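Peer 1: This is the structure I have questions about; it appears just below.
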Amino acid sequence: MAAISSVLSAPAPKHDKLKALGILALNGMFDEMDAEAVLRQAVDELLPGDIAMVSSFGADSAVLLHLVSLVDKNLPVYFLETGKHFVETLDYVETLKQRLGLTNVIALYPDSADLARFDPDGTLWETDPDSCCHIRKTEPLEDVLSGYGGWVTGRKRFQTAERGVLPHFELTSDDRIKVNPLAYFTNEDVEAYKARHDLPEHPLYGEGYKSIGCAPCTSAVAEGEDPRAGRWRGRDKRECGIHFDFNGSIAKPVSQSSLHLFKDGAFKADPWKAWAEGDEPADVRYTHVPVSVFVEHRAAFLASPHPIGLQVNPGEKVEDIEGDLARFSSVAINFRAFTDGRGYSSARLLRERFGYEGELRAVGDVLTDQIPFMRRCGIDAFVVTNKATREALEKDALAEVPLYYQPIGERHEVPAGTRPFLRRPE
Amino acid sequence: MYRYDEFDAAFVNERVAQFSDQVRRRIAGELTEDQFRPLRLMNGLYLQLHAYMLRVAVPYGTLSSKQMRMLGHIARKYDRGYGHFTTRQNIQYNWPKLRDIPAILAHLASVEMHAIQTSGNCIRNVTTDQFAGAAADEIIDPRPVAEIIRQWSSIHPEFTFLPRKFKIAITGAPNDRAAVKFHDIGLMAQTNGAGDVGWAVYVGGGLGRTPMVGKLINGFVPHEHLLAYLESILRVYNRYGRRDNKYKARIKILVHEEGLENIKGQVEDEFSHIRGGVLTLPDAELDRINSYFAQPAYVDHGVVSVDVEREKILDPAYGRFLENNTFPHARSGYTSITVSLKPIGGAPGDATAEQMEAVADIAEKYSFDELRVTHEQNLVLPHVAIADLRAVYDALGEAGLADANAGEITDMITCPGLDFCALANARSIPIAQDISRRFAAPERAKEIGKLKIKISGCINACGHHHVGHIGILGVEKKGTELYQITVGGDGTEDAAVGKILGPGFVADEVPGAIERLVDAYIARRTTEDETFIAAYRRLGDAPFKEALYGNG
């Protein structure tokens, strides 16, 4: 496949000096909502003639394309013609081109040899959606992208859990720049922008499709549901791959140089953040809200459509939120100090007594020696900053005695019979 | 005795391997002392004044001959030829080298021993009556339940980072020899109306800087629900015990501050949720564990009697031994023997490698291979045929272990004190040695009768001074070691905390002060049978205060 060689032979990075200047500084230059200024800075000042964008021409693509039309109608706009789009999407490409006067929309097609080899009957999306995306999106883009110093994306913080920390400007690991003018736009902001500029709606939007990709992998979402919930529904997949950088990991701002969330056997990007002073109960999303704060603003949190999590600090009682547990898609148990064992009891109560089934993570002073205990108490994700612990997790070499004397709940345990206490006659 | 099965052996071996690797990393410099500290503490390894100290668990104080020999071997090969038996029925080595710890642990594992949970803020070794399974006054042998508690509490994932350490003691006899009311949880065998045996549960007892007598939280918990009840108490403690102040973190403070009724309400509520769940102990499991503690194959020796009065005339030392160091056995023809580790002028609780080996040989030959460690820092041969008494006495004598002072004034509990311990404010062992020499004469000791002196070198009270009939607490005031004397403490079922009667004494004055207390008692007792503690209860403070400080 052509893409491999393009990685190996990638030209020397052209933007070292920008890296030196500091993407961070760039990110502080613009008002969060001033998308047009961000885009103008990128197109006119930062990378004139050396930047392009990719658009899915989906449900909310119109906003960014409208901004492009204000800044530079001739900016290269690539559209991934995967061959799997809704007819309505293809119509919509034409509608927007006409309406916005875009003069440089370029369709990209998958490599026909790849299709013949890997997806001869067109059903790869069903068996292996990652590979399907790879052939139809990642590969066709790679050749094109290597010709640009940067590209514009329409990604927004609220869209998926993994995008929670998205800035305006990002440096990818191969020294390209990703520009995200809409990073801080909420769903409501998008709607307001569309209304203000009277932008045409994707034909399927009115039918409940809030985030639109290829036809087989897109379904409608219910009222109040995460807009991207309809993408790859029922599968453990959130991103199509094209927002991952060329080394395969998620492109991230330089300030977030390492990943701290260990879950399902690997360190991964963490969409969640902790509740901070000044946060608004009605607005926060992907935020772990302390029990005390939740109890105080319970009505506002319950009314909010956004995904929220719960943080259980030492001394807080999980009994206080027992009836609202279904509201949380993640619960963080705060182990404020290595020696503070209250969290183990909280974890067991959540799992064993209240039947909480979602992500249960340990945050705070999390060290290798505690993790086996935490797992037995039902914790399944760990936010780790300690270097030795990180290495132990990566090597799967925790300090652990893998034999258990006492029964703990029903989850994550070895079969009952291996423990003397439960070695009952059959 | 409990015998490891494959699971137990694998469990301990895993732990040894894990800790050996941690030691290796420490020696290689991969771990700093700060990082190593919590790890070593979970394995009983302390850093003392002069060296590392390794504390080895002796679950509920029970040892086989083979195990005792290994303790002797370790003392000889890796320490300075001796070990120190503790009030937690454990043994401590005061001079091991860090690099030898993995080898020591491997040796221990080979005889089904370990150092797991002998330190750290976790559930510690369960202690019990040193005569368990032998005593004539016993309702039930507590060792099987102690073993089940050991298993339940071993590396318990929820209770390994408690607010503070947590100690459980259990006794199967109404005469409490395990000080259960001075433990975080004390269990006393109880018979209910239906004749079933279960457990009265006391909570919140303890010594240290705030001594408290445990309070009855539940009068009868059946065997099958005992673990669920313990887990309920531990969960309430883990969640609500104070963590803001190390000195207020024990469960006794929680019970004291919140009130027994409040804590009982929380525990019972927790119990109502988990009762009948996965912790329910099936009869079959209790039977399985019970079978390990089956009675030894006693031999019917017919009617064997020893005329103690006659022996006292023929051989006064042996007579005293019979009088003081034997304890009534449930089986006729047998007795339990206390092997005193309190020679006059010696360090209480210390035994040499040779003594350990000798006592192991004697146990093998005369006590069905069994030994006990007592919380009063002595050893016990639990099942000795009365017919063998003289032979046992002679064999003990050869090993220098025939001191006949069990229960007398010179049978003192003493913490290691400033000679070893990093926490201590004052020396303890030299004080014990001085008192021991002062009352060395057997006639004098006999005249005084049963009297428990307990000495601690600091407020942490490892020497149980609060429950000494006479307690001695070493403190440091303006660079001088001072000793406060308390009177009237009692660690038995008649639990009481001793009272301070006045200012402390410098070391030199202590033996004299004790002598004055003893003389005041002898002068005022009704008969020779009225013990010191009984006389104190009858007389109150006044005569003892006067004895200590005059009546100015």
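Here the Cβ of each residue, glycine as well, is placed from N, Cα and C on the backbone.
The shown structure was predicted, so the numbers you read here are calculated from the model rather than taken from an experiment.
Annotations per TrEMBL:
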ACT_SITE  A:C240  active site, nucleophile
BINDING   A:C132, A:C133, A:C214, A:C217  [4Fe-4S] cluster binding site
DOMAIN    A:51-220  domain 'Phosphoadenosine phosphosulphate reductase'
Peer 1: State the mean pLDDT for the domain 'Phosphoadenosine phosphosulphate reductase' (A:51-220).
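Peer 2: Mean pLDDT across the domain 'Phosphoadenosine phosphosulphate reductase' (A:51-220) comes out at 83.
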Peer 1: Whose Cβ, among the binding-site residues A:C214, A:C217, has more other Cβ atoms within 10 Å than any of the rest?
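Peer 2: That would be A:C214, with the most Cβ atoms nearby.
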Peer 1: Using a Cβ cut-off under 8 Å and a sequence separation of 6 or more, which residues in the same chain sit near A:C132 ([4Fe-4S] cluster binding site)?
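Peer 2: Non-local contacts for A:C132 ([4Fe-4S] cluster binding site): A:D119, A:L124, A:W125, A:C217.
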Peer 1: Using DSSP and three states only, what is A:C217 ([4Fe-4S] cluster binding site)?
Peer 2: helix
Peer 1: Going by DSSP, is A:C132 ([4Fe-4S] cluster binding site) sitting in a helix, a strand, or coil?
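Peer 2: It is helical.
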